[in-house]
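Asks: Could you have a look at this structure, given as C-alpha cells, before my questions?
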Amino acid sequence: MADQDSRAPLISETRRRFEAEYLQAKTDKYDSRDTERLQQDDTWVDNFLIWRDDNVDDTLKMIDESFQWRKEYAVHDLTESSLPKRFFEPGAIYLHGYDKEGYKIFWFRVKLHVKDSKTQFEKKKLVAFWLERYARREHGKPLTVVFDMAETGISNIDMDFVRYIINCFKVYYPNYLTKIVIFELPWIMNAAFKIVKSWLGPEAVGLLKLTNKNEIQEYISAEYLPPYMGGTDTFKYSYPPLVDDDFQTPLCENGPMTGEDEVETKEETDIDNKESPDSNEEQALNSKKANFAEQTPKSEECEKQDSKTKNAKKALTTFKGPLLHIRKERIISLFHPSYVMYITQAFDIHTSTFQSGIPYTIGKQVHEIHCGSPAEELHFGSKETGEKKCLIVLTNVTKNTVAFKVRTTAPDKYRVKPSNSSCEPGTSLDIIVSLHGGCAASLQDRFLIMAAEMEQCSGTGTQELGQFWKEVPRNKVMEHRLRCHVVESSKPSSLTINENSFNIPAKTNEDLHVQLTQLLQANKRLREQIDRCVWFQQLTLLFMFLLLASTTFCFYLLYAPRS
C-alpha cells in the first residue's frame, strides 16, 4: 500500500501527459476501452513505468505503440471463434503448467510452426489471443516463455515471428515476462540467437536461458515437463476445447465432492452432512472464539486502534468483487490443544509480524492463530512448520443469495469445506482449505472461486445448486483465482506476547528494493574495476611483447654477422 501510494504521483503524471500529448492527436488510433482502462487501472500504468525504469517519456512512447497495436489487432474482440480452427489444432502455441517459481508457462513448439507469409497475420493474432486471454484472467501475473526447439528444422525457423513474440513482451505486455527458456537450440541457429539477444536489449538479455535435457529442470520441475524433456507430465495437447489447467472440484472434509455437472444423491448428501472429528474441532474453535470475544473487554481507545488495524489489514488481504468480498487468513497451529484463542481479535497484530511464519503464544494457551495473507494467495507452511490449513471468508455484498463453488488444479491434495454452497445476503461464511494426509502445498497449485447471483425464488439445496450451475450464463459468473504460497521458516518457536511485541518495524518492500539497488550498484562498480584490471593487464602484456620484440631486434643488430 505504501509503495503504491509513493508511485501515485508518477502514475498521475503519466496519465496527464498521455492525455495532453497523445490522446487528443491520436484518438482514432486507439481503442476507447484501452484509454478508459489507462485512467482506471493503476497496476497497468505502473507496469509500463516499471518496464521503462520510471522514465515517463519512454513510458508514453511505449503506451502509444502498445495502444496502436491493440487496435490494429482488435485485441479486445479476439475470441476463439474469430480465429481459424486450423491454427488451434496443431498445438504450436498454448498455456500449460507452471515453472518452479509458480509462474504460468507459455509454450511455443517451434517444430509445429511453418513459415507462411499468407497466414502470418492470423498467426500473430493467435499469439495476441492467448496473451490477452491470460492477462484478463490472471490480472498482470508474469509468465515464463518456453521455446521448444527439439527436432526443429530450417523450414520451421521464422525470425519475423520470433521478433513479434519478443515485441509482445517488450512493448505490448509490459512486465509480464520472467524468463525465456530455450530448449535444445540447434547449432545452426547460433547466429540467429545473437540476433534475438539484440532484439531483447541489454536489460532483458539476462532473461534468456539456454537449456538442454539435463539443465531444464533448473527452471521447470519434472511434473510439468514432457518425457522427451526428461519430465513426467502425461499431458497431450488436443483441440477442442482450448487447453488450460483444469480447475477441478477438490475433496470435502468427508470425501470427494461430485463434479459441477453431476447431482449428488441423497445418500451422498447424508454422508457429507455427517460430523467428522475435524468438523467437531471447528465447531469447538468457533464456540471458544465467541466465548473469548465476549470475555475480552476493550477500552474505547483500543477499539479505535483495532478498527484502524482491521481496516489496514482488510485493504491488504481482501478481494472486493461485485458479488463477494473474499478474505484469506492463515491458520498457524501451536502447542497446547486444550485452549484456543484468536489473537487477531484480542491484540493489535500487524500482518507483517507473521511473514516469518513464527508462531506466537501467550503462556501455553494458544492453539491456533489466524493472520491475513495477500488477496490472491493462500498461505501454507512447509513440512517443517506443519501449517496445513487456510481460512477463506466469503461476504455476500448483494441483496440476493449468491451461489459459490471452489475448484483447484490439485483436487487430490486438498480438502475444502464447503466447496459448493450458497451465502445469504449480508452474511459471511467460512471455508476451510486443508492439506490432505502427508501432502505438501506447491507454488504450482491454484484455486478458483466461482460465484453467481441467484434469483430469490431459487432453492439452495444440492440439486438446485447443481441445476443452477448448469444454466447460469458464463458472463454472469464472478471468478477469483488464488495461488498457493509456501512459507519457509526454521523450526517453530514460541514467543511471549506483550504490549510492545509488535512495535518492531518490519522491512518493507521499499527497504528491500533500496538494498537490492545498492547491491546492484556495488556489483556494477566491481565489474567496472575488473574490466579496468583486465584492460591494464592486456596493455601490460602488449608493452612486454613490444619490449621483447625490440630487445630481440637490438641483439640481432649487434651480434648478427655483417656481410
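The backbone N, Cα and C atoms fix where each Cβ goes, glycine too.
Grabbed the feature section from TrEMBL, which reads as follows:
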| type | residues | note |
| --- | --- | --- |
| COMPBIAS | 266-277 | compositional bias 'Basic and acidic residues' |
| COMPBIAS | 282-296 | compositional bias 'Polar residues' |
| COMPBIAS | 297-309 | compositional bias 'Basic and acidic residues' |
| DOMAIN | 83-237 | domain 'CRAL-TRIO' |
| DOMAIN | 369-487 | domain 'MSP' |
| REGION | 250-311 | region 'Disordered' |
| TRANSMEM | 535-559 | transmembrane segment |
Asks: Mind checking which residues reach the transmembrane segment (535-559)? Cβ under 8 Å, same chain, six or more beyond either end.
Replies: none
Asks: Under DSSP, the domain 'MSP' (369-487) has how many residues in helix, strand and coil?
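Replies: Output for the domain 'MSP' (369-487) reads 13 helix, 58 strand, 48 coil.
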Asks: Calculate the per-residue pLDDT averaged over the domain 'CRAL-TRIO' (83-237) and state the result as an integer.
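Replies: Here the mean pLDDT over the domain 'CRAL-TRIO' (83-237) amounts to 86.
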